[in-house]
Amino acid sequence: MKKTLSWWDLIWFGIGAVIGAGIFVLTGQEARDSAGPAVILSYVVSGVSAMLSVFCYTEFAVEIPVAGGSFAYLRVELGDFMAFIAAGNILLEYVIGGAAVARSWTSYFATLLNHHPNDFRIHAASLNPDYSRLDPIAVAVIAIVCLAAVSSTKATSRFNYVASIVHLAIIVFIIIAGLTQANPKNLSDFTPFGVRGVFSASAVLFFAYVGFDAVSTMAEETKNPAKDIPLGLVGAMAITTGCYCLLALTLCLMQPYSQIDPDAPFSVAFQAIGMDWAKYIVAFGALKGMTTVLLVSAVGQARYLTHIARTHMVPPWLAEVHATTGTPVNATVVMLVATAVIAFFTSLGILSNLLSISTLFIFMMVAVALLVRRYYVSGQTNDSDRNKLIAALVLILASSMATAAYWAAGGMGWAGYLVSVLVWLLATAFLWWGVPQARAPQTWGVPLVPWLPSASIAINTFLLGSIDGPSFVRFGIWTALLLVYYFFGLHASYDTAKAASNDGV
């Protein structure tokens with residue numbers, strides 16, 4: 001693909017990809033039902049987790065600058081099987097994320113026109129309540145985004161650049177205008193749902209950080225990956241986290257948490273404090289933000305699918321790049337059709353929880369892959385160091401899962417957490433002191449290895465323990481379908497296809 005993007009483009013792609021439905025919709029839902037004003041802390045926890053993942057992604061994107069993102073990274077380090085499982089969850093993440101944003105678009109559009117969100121949805125009473133609000137506006141928005149995404153990556157970047165500047169201006173307006181009506185008493189009951197509520201909300205609000213990995217998929221189109229990708233990814237995430245915390249604080253100062261509207265919280269908050277005119281500016285800003293999220297997501301998800309198709313794990317025609325536009329048209333259309341179908345039927349609550357599971361799982365695997373990359377090189381690492389690495393990784397993963405499981409089971413005693421965290425510390429320290437690194441990054445590397453990737457594994461796994469059970473059931477069904485597809489031979493890896501070609505088959 002054409003190398004046209006700079007670090008400046010990537011920062012604005014990152015901002016455009018991330019700031020959207022999560023902050024403008026889920027903030028109200030989680031503040032009212034899960035965390036109260038402590039939703040601010042929930043955003044901090046999610047932001048720390050996302051930033052740790054950003055560092056891991058950045059090293060891979062610099063060292064392996066191709067369009068496949070985490071799929072390419074996992075395939076290189078963990079092999080075809082783990083990459084395939086990751087690929088299925090990556091595609092699920094993008095489809096669900098796009099569908100959730102599109103449905104949120106409808107909610108704010110209705111607010112802009114002084115209607116309830118469901119006024120513009122068709123109620124199919126015969127369907128399950130979670131799937132009965134049909135959303136034709138979401139489908140129409142996705143179709144328009146699809147046309148824009150297949151036209152030109154650079155043109156998309158220019159539009160996103162301008163739109164994101166407008167977006168940040170509106171965010172600044174929300175913060176300043178909202179704080180003029182701040183009531184500190186609204187923060188008096190700061191943690192009404194306790195610490196468990198903070199982490200429960202944080203797991204759901206991770207949705208608000210989904211999208212930055214789309215920037216890493218653009219490495220193939222970046223002029224200077226070694227400089228542009230670290231600046232683009234870290235810069236975008238730092239700006240995003242700061243905006244989220246300030247916006248959440250502003251919302252909670254404007255209204256008591258119990259009165260926050262779960263569908264269009266910022267617009268309704270301005271209406272509640274007598275600033276009706278401001279709600280239109282807020283709704284417009286939210287719509288613009290969600291539109292750019294959809295657009296950048298469309299660009300990123302198509303590049304994921306393109307790279308997966310290059311490995312022959314899905315039909316190779318999905319990897320075709322249009323000769324005129326230089327964009328993967330087939331992959332873009334297929335992904336957005338799937339997104340439109342999900343958006344038409346499925347409620348935001350189901351989408352946000354399932355999306356968080358898929359994303360946290362992928363981010364955890366990328367951190368594992370980074371440790372493997374640093375500590376193991378085939379043909380060079382001796383058996384003893386390889387076995388030490390395996391033992392350390394098993395203990396890091398097991399202790400992280402034990403902490404998450406104990407938390408999910410309602411564990412309150414400190415002894416259980418002390419044991420699991422101590423095992424994690426000892427396993428990470430053993431990897432640090434007892435196993436020599438086999439590979440050093442050529443241009444840019446994650447600092448504090450193995451501590452930073454190990455912390456990423458721990459916090460992502462812990463947040464998984466705060467997500468509801470039914471979402472894990474849906475996640476398990478999807479993973480089972482992926483395994484059936486894999487083990488029944490409905491894919492052929494790139495290497496197998498290449499071998500067959502060499503044999504003249």
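Quick reminder: no glycine exception, Cβ is built from N, Cα and C everywhere.
Database features (TrEMBL):
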type     : residues : note
TRANSMEM : 81-102   : transmembrane segment
TRANSMEM : 136-152  : transmembrane segment
TRANSMEM : 159-179  : transmembrane segment
TRANSMEM : 199-219  : transmembrane segment
TRANSMEM : 231-257  : transmembrane segment
TRANSMEM : 277-300  : transmembrane segment
TRANSMEM : 333-351  : transmembrane segment
TRANSMEM : 357-377  : transmembrane segment
TRANSMEM : 389-408  : transmembrane segment
TRANSMEM : 414-433  : transmembrane segment
DOMAIN   : 444-493  : domain 'Cationic amino acid transporter C-terminal'
TRANSMEM : 445-465  : transmembrane segment
TRANSMEM : 471-488  : transmembrane segment
Might you confirm whether the transmembrane segment (333-351) is in contact with the transmembrane segment (445-465), defined here as three or more C-beta pairs under 8 A between residues 6 or more apart in sequence?
no
Have the transmembrane segment (471-488) and the transmembrane segment (81-102) got at least three CB pairs under 8 Å, pairs 6 or more apart in sequence?
yes
Could you give the residue numbers and ranges of same-chain residues that sit at least 6 residues beyond the transmembrane segment (333-351) on either side and whose C-beta is under 8 angstroms from one of its C-beta atoms?
21, 25-26, 29, 91, 94-100, 102-104, 107, 127, 129-131, 133-136, 138-139, 142-143, 145-146, 149-150, 298, 301-302, 305, 318, 471, 474
Who are the long-range neighbours of the transmembrane segment (414-433) in its own chain, taking Cβ under 8 Å and residues 6 or more past its ends?
371, 375, 388-389, 391-393, 395-396, 398-400, 402-403, 406, 450-451, 454, 458
DSSP-wise, what's the residue breakdown of the domain 'Cationic amino acid transporter C-terminal' (444-493) into helix, strand and coil?
33 helix, 0 strand, 17 coil
Cβ-based contact of the transmembrane segment (159-179) with the transmembrane segment (81-102), 3 or more pairs under 8 Å:
no
The domain 'Cationic amino acid transporter C-terminal' (444-493): mean pLDDT?
85
Are there three or more C-beta pairs under 8 angstroms joining the transmembrane segment (357-377) and the transmembrane segment (136-152), sequence spacing 6 or more?
no
So what's near the transmembrane segment (357-377) in sequence-distant terms, Cβ-Cβ under 8 Å and 6+ beyond its ends?
49-50, 52-53, 56-57, 59-60, 63, 70, 73-74, 76-78, 82, 86, 89-90, 92-93, 96, 203, 206-207, 210, 213, 385-386, 389, 393, 397, 431, 435-439, 446, 449-450, 453-454, 456-457, 460-461, 463-464, 467, 471-472, 475
